[in-house]
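A.B. asks: Quick one: the structure is below, and I'll ask about it shortly.
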Amino acid sequence: MFPSYLTRCGNTIFWLPFSPQITRLQDLLPFYYSLLVFEAISLIVSLVCIVTLLVVFWKHQIVHLNLTLMIIFHGVLCLVSMLLRFLQMLYEIGWITLVSPGCPPVPQIVIVRIMSYISLVLLLGGIVIERSFATYYVIDYEKKKRSWIAIVITSVLLVISYCISSQIVKGGLNGIFSAASMVVPVAISIFAFRLLLRRNKRRLARLTDMIEQRSGTDKYSLSLRLQLRENIWTMQKLNRMVTGSVPIALLVLPFYFLPPFFLRDEPNWRVLELVTECVNAVLATLTPLCTALIVIIFEQVRLLLLPKRMTKGRKK
């Protein structure tokens, strides 16, 4: 562990990334407060974006119920994480006093924040599992909602995310290696997702050929083709989201835990605190960017949120 992130509360030591200690900033305080204001504004915009998307996806059923539930669960966790970040700011600037930066509730706030980031990284794997169920139950997946699928997948992801984040903060896991290891499940999930998409496309092509060759077509085949098209449509939208968002997430991920590598010496700790706040500010801007990506990809969301004159030329 790097001492620059270590804090103590009594006899307990915590490793707290994303937690600038302004007592170390010295002459860099004006830059810190400028970044803090920018982060706060970005967080407010992010809160509005998330709430708006959750309402739109739930009210208008943009995707299947199970995907909607998974999006809502993780969206609510992100909302909680952002609200806790506002609370953490009050402790950072001294409006609420603490015996030590490592005393509760700061470690618990950091656990929830790391948990929200990890759960979003693992969400892609959860979507692959949900789409696998959609492929297996394709004939009646739209009629029989099977919401237990979303509940079980989300519960498992949240438990895994909590265990990893709590161990990082308590020192049981190395945060840097944990961040690097997140690349592995993401890569596996992307490969599995695209493999599943190709399988659905091949199945649809075979079914279409069979229907065209028959003189009479049964209702089962027509219904199956309709469901396959719906599944492929959803997966294509998700694939575009993954293509746009995952590279951004993977580029930002190293900055969660890498700064101590280069600023490990105590004379550099004041710069490290400023870099840490820079990371917080950048993270706060990702939600509006991802919201814009979702609006671009999903036509229904775009038509609901943007004025008609802006979407008229984009309708397909």
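Even glycines carry a Cβ here, placed using N, Cα and C.
TrEMBL entries are annotated by machine, without manual review.
Okay, so TrEMBL annotates it like this:
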type     : residues : note
TRANSMEM : 31-58    : transmembrane segment
TRANSMEM : 65-86    : transmembrane segment
TRANSMEM : 106-128  : transmembrane segment
TRANSMEM : 148-169  : transmembrane segment
TRANSMEM : 175-197  : transmembrane segment
TRANSMEM : 241-262  : transmembrane segment
TRANSMEM : 282-306  : transmembrane segment
A.B. asks: Select the range from 31-58, 65-86, 106-128, 175-197, 282-306 that forms the most Cβ-Cβ pairs under 8 Å with the transmembrane segment (148-169).
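C.D. replies: Highest pair count goes to 106-128.
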A.B. asks: Restricting to the same chain and to residues at least six past its boundaries, which positions have a Cβ under 8 Å from a Cβ of the transmembrane segment (175-197)?
C.D. replies: 5, 15, 17, 118, 121-122, 124-125, 127-128, 131-132, 135, 164, 168, 232, 235-236, 238-239, 242, 246, 249-250, 253-254, 256-258, 260-261
A.B. asks: Please report, as numbers and ranges, the same-chain residues at least 6 past the borders of the transmembrane segment (65-86) whose CB is under 8 Å from any CB of it.
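C.D. replies: Same-chain residues near the transmembrane segment (65-86) but 6 or more away: 39-40, 43, 46-47, 50-51, 53-54, 57-58, 109, 112-113, 115-116, 119-120, 123, 126-127, 130, 133-134, 145-147, 149-151, 153-154, 158, 234, 280, 284, 287.
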A.B. asks: So which residues does the transmembrane segment (282-306) touch in its own chain, when a touch means Cβ under 8 Å and the partner is 6 or more beyond its ends?
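C.D. replies: Apart from its flanks, the transmembrane segment (282-306) reaches 38-39, 42-43, 45-46, 49-50, 52-53, 56-57, 60, 62, 78, 82, 85, 117, 237, 240-241, 244-245, 248-249, 252, 255, 314-316.
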